Amino acid sequence: MNGLGNDFIIVAHFESVPDYAPQMARAMCDRHFGIGGDGLVFILPSEKADVRMRIINADGSEAEQCGNAVRCVAKYAYDHKLSFREALTVETMAGIQHVWLTIEEGKATQVKVDMGAPILRGEAIPVAVNAENVVDHPIEADGAAFAFTGVSMGNPHAVIFVEDAPRFEVEKWGPVLEKHSLFPNKANVEFVSVISPTEVEMRVWERGCGQTYACGTGACATVVAGALTGRIERRALVHLKGGDLEIEWSETDNRVYMTGPAEEVFAGRWHKA
Ligand SMILES: N[C@H](CCC[C@H](N)C(=O)O)C(=O)O
């Protein structure tokens, strides 16, 4: 499945995450010797929600949250009758996500997710900056100077505003910034250019998988960072390499709502030993 080209291998027949999950993710996500994907997603039973999601990045590291994967999991749960409601809940390591599905011809097409409230205090993101909000904070890497705004949606993000995101050298600066000493748990790094107060372009280097076509939590972090720094409004359209996400950081409940597509591409069997 994928959300705007951010693609995942979904497995739904485990009761819990096996201890060999990191090796399984690295093998299955390999785009030449495996199936290929940005991550391996387990759909598990839950006592608190309709289903539970755990996500392992392509490098075998586990992430606390994944916006595009939540949309895929919710679609899978409805389409494969793990849930019969168009409004359902997905338990993640970041909390319980409420999800609303748009159904067309019996299948979920568009998915809206309550991604919860952003975490902005430096040591909770975490970033090695002792501040309630980490806004346009200087960061140096390989002799270049940037300014990042730190936001967690359960997973850590460093949002950097640049002149022209689609032409930015993500492959050069992403890996250096992902592992910067300011980020104790590493970070997903978003490069964002503002088109208008309600529209941005974003490219992303993701922790544990590299440059991806889209990042749901990254799009949420982008709108929060943009609104915090007065660059954009709290509701914006985020243009990503793989398509668009609608994001709103609600003024009334402080929660971030993400709306976008989810797609099932194929199903199959994994035969490798
Ligand atoms: N690589 C991310 C997890 C996937 C997040 C992204 N794919 C999304 O849609 O939110 C991390 O290690 O925090």
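Glycine is treated like the rest: Cβ placed from N, Cα and C.
Predicted automatically and left uncurated, TrEMBL annotations should be read as such.
It should be emphasised that the depicted structure is a prediction, and the values quoted were computed from it without experimental measurement.
Residues or ranges marked as active site, proton donor in TrEMBL: CYS66. CYS66 (active site, proton donor) falls outside any helix or strand according to DSSP and counts as coil.
Sequence-distant neighbours of CYS66 (active site, proton donor) (same chain, 6+ apart, CB under 8 A from its CB) are PHE8, GLY39, VAL41, MET53, ILE55, THR92, ASN155, GLY216, THR217. What TrEMBL records for CYS66 is active site.
According to TrEMBL, the feature active site, proton acceptor maps to CYS215. Residue density at CYS215 (active site, proton acceptor): 36 other Cβ atoms are found within 10 A of its Cβ, drawing on all protein chains shown.
Summarising the annotation, TrEMBL assigns substrate binding site to ASN6, ASN57, GLY67, ASN68, ASN155, ASN188, GLU206, ARG207, GLY216, THR217. Taken residue by residue with DSSP, ASN155 (substrate binding site) is part of neither helix nor strand, so it is coil. Cβ neighbours within 10 Å of ASN155 (substrate binding site), excluding its own Cβ and spanning all shown chains: 28.
All protein chains considered, the CB of ASN6 (substrate binding site) has 29 other CB atoms within 10 Å. Listed in sequence order, the residues ALA63, GLN65, CYS66, ALA69, VAL204, CYS209, THR212, CYS215, GLY218 complete the 8 Å Cβ shell around the substrate site centroid, once ASN6, ASN57, GLY67, ASN68, ASN155, ASN188, GLU206, ARG207, GLY216, THR217 themselves are left out. Cβ neighbours of GLY67 (substrate binding site) (same chain, under 8 Å, six or more residues apart in sequence): GLY3, VAL113, MET115, MET153, CYS215, GLY216, THR217, GLY218, ALA219, CYS220, LEU245, MET258.
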